[in-house]
Amino acid sequence: MNYFPWLTLVVILPIAGGSLIFLFPHRGNKVIRWYTVCICLIDLLLTTYAFCYHFQLDDPLIQLTESYKWINFFDFYWRFGIDGLSIGPILLTGFITTLATLAAQPITRECKLFYFLMLAMYSGQIGPFSSRDILLFFIMWELELIPVYLLLAMWGGKKRLYSATKFILYTAGSSVFLLMATLGIGLYGSNEPTLNFETLNNQSYPLALEIIVYIGFLIAFAVKSPIIPLHTWLPDTHGEAHYSTCMLLAGILLKMGAYGLVRINMELFSHAHSIFCPWLMILGSIQIIYAASASLGQRNLKKRIAYSSVSHMGFLIIGIGSISDTGLNGAILQIISHGFIGAALFFLSGTSYDRLRLLYLDEMGGMALPMPKIFTVFTILSMASLALPGMSGFFAELIVFWGIITSQKYFLIMKILITFVTAIGMILTPIYSLSILRQMFYGYKFFNTPNSYFFDSGPRELFISISILIPIIGIGIYPDFIFSFSVDKVEAVLSHF
């Protein structure tokens, strides 16, 4: 047994290292930026080392467990542990955060605070994926809200205060339901609070209590995922945030809600989930079509990509609601796949904005010739977004479809309707994806403008783009790499149904 506190080190290192930024006497941005990148890279390497040498893929039980008494009066423990469900999101968090800090080079105002908030957000996002105590899960869930709010309010567009306020109202409001559900389930049936995930997983609850608590958690996770109609904060937030912040929001933050649905709603409240899963399937199907249709009507490039993220999250919701090992594995693959694709699309939209200072698609055009590298990478990522075979999104959506068909939970007519509606959404996806390419890169609007001069992607931007493209194509060719983490844990989760 390994007794070294790997997970505590991985969670604490970013925020502890970020605190040292304020001690730097150097005022230049370059030293601070590379220090931040090094902290993220060291944390990612530590995570990778711990998983490679101390994690057994064929063991569905919790591994790398840590348990330290934190508050004696409240009997509150600092509990960490991982399994096949959390290993993928943790690695995704480290990878995307490292690239996001590297992408934030144009930030020059209050750079010490900016990079500290990026590192604090890193710790706050790893925390929920590795927590094995439900109250610690809540604390970590709340910890990452503060950096996100400040990143939105201080670095963004003209309406950044409005979008930051809307974000905090939605997320803080949903956190009230999360706290009530956490305390309700932790204090049930005992004089002392029961907060350990393993203990909660082995308890049985009255169906009425299970449904009430399930709804509380569902609201909290539906805001973060997001699930319609609790999604309206997302387009405004993405439309105003700096693109490095958008990479963290699309790549990681949205996936926390989906992870919570599987980790808590499915694993702890199987009876309630069996009742609500048909509604999740219906909501997911509607979400795919609604968000894809709404994306077509957006003039703002970042808002169009944001609505495409909402649409793709619909597949994830369907996979969670299918209650089949195929569908749930597809949902987990979609978490990883869209984390890469969404982050990459927002990065490229930001690099385009740095050059043109334009976000409205009807004001763009003709960018393919002066910026061929950006055009090439954006085209490849658009193909990945519309689930082209050979890209990670193809297998994720295909396996979710197969999960619907093979699910034993639903009648044939329900399967046909869900599949038909979802297929319509998949037809809309290439329409808005190819529309972005047409409006941005084709035509002669900019190419014929007198005295126009553009810089194409530099080495830093090409490195970030290629770094994200490699796992997108790699997973598309060999998706079993992700399934090797999750398949045993998925069977353990579905054994409760």
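Note that Cβ sites are derived from N, Cα and C of the backbone, with glycine treated the same way.
What Swiss-Prot says about this protein:
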{"type": "TRANSMEM", "residues": "4-24", "note": "transmembrane segment"}
{"type": "TRANSMEM", "residues": "35-55", "note": "transmembrane segment"}
{"type": "TRANSMEM", "residues": "84-104", "note": "transmembrane segment"}
{"type": "TRANSMEM", "residues": "111-131", "note": "transmembrane segment"}
{"type": "TRANSMEM", "residues": "134-154", "note": "transmembrane segment"}
{"type": "TRANSMEM", "residues": "208-228", "note": "transmembrane segment"}
{"type": "TRANSMEM", "residues": "242-262", "note": "transmembrane segment"}
{"type": "TRANSMEM", "residues": "305-325", "note": "transmembrane segment"}
{"type": "TRANSMEM", "residues": "330-350", "note": "transmembrane segment"}
{"type": "TRANSMEM", "residues": "386-406", "note": "transmembrane segment"}
{"type": "TRANSMEM", "residues": "411-431", "note": "transmembrane segment"}
{"type": "TRANSMEM", "residues": "463-483", "note": "transmembrane segment"}
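Take the transmembrane segment (330-350) and the stretches 208-228, 242-262, 386-406: counting Cβ pairs under 8 Å, 242-262 has the most. Comparing 4-24, 242-262, 305-325 for CB pairs under 8 angstroms to the transmembrane segment (35-55), the maximum falls on 4-24. Listed by sequence, the residues of this chain that lie at least six past the ends of the transmembrane segment (111-131) yet keep a Cβ under 8 A from its Cβ atoms are 7, 10-15, 17-19, 21-22, 24, 29, 32-33, 35-36, 39-40, 43, 79-82, 86, 89-90, 93-94, 97, 100-101, 104, 137, 139-141, 143-148, 150-151, 154-155, 197, 244, 248, 252-253, 256, 259-260. The recorded stretches the transmembrane segment (305-325) and the transmembrane segment (134-154) do not share 3+ CB pairs below 8 A when only pairs 6 or more apart in sequence are counted, and are therefore not in contact.
Of the candidate ranges 4-24, 134-154, 208-228, 208-228 has the most C-beta pairs within less than 8 angstroms of the transmembrane segment (242-262). Same-chain residues lying 6 or more positions outside the transmembrane segment (4-24) and placing a CB less than 8 Å from one of its CB atoms are 31-32, 35-36, 39-40, 42-43, 46-47, 50, 54, 64, 66, 78, 80-82, 90, 97, 112, 115-120, 122-124, 126-127, 130, 140. Same-chain neighbours of the transmembrane segment (134-154): 11, 76-79, 110, 113-114, 117-118, 120-121, 123-125, 127-128, 160-161, 163-165, 167-168, 171-172, 175, 178-179, 182, 185-186, 193, 195-197, 200, 237, 240-242, 245, 248-249, 253, 256, 260, 264, counting only residues six or more beyond its ends whose CB sits under 8 Å from a CB of the stretch.
Here the transmembrane segment (208-228) has long-range neighbours at 170-171, 173-175, 177-178, 180-181, 184-185, 188, 234, 253-254, 256-258, 260-261, 264-265, 269, 271-273, 275-276, 283-284, 286-287, 290-291, 310, 313, 316-317, meaning same-chain residues at least 6 beyond its ends whose C-beta is under 8 angstroms from one of its own.
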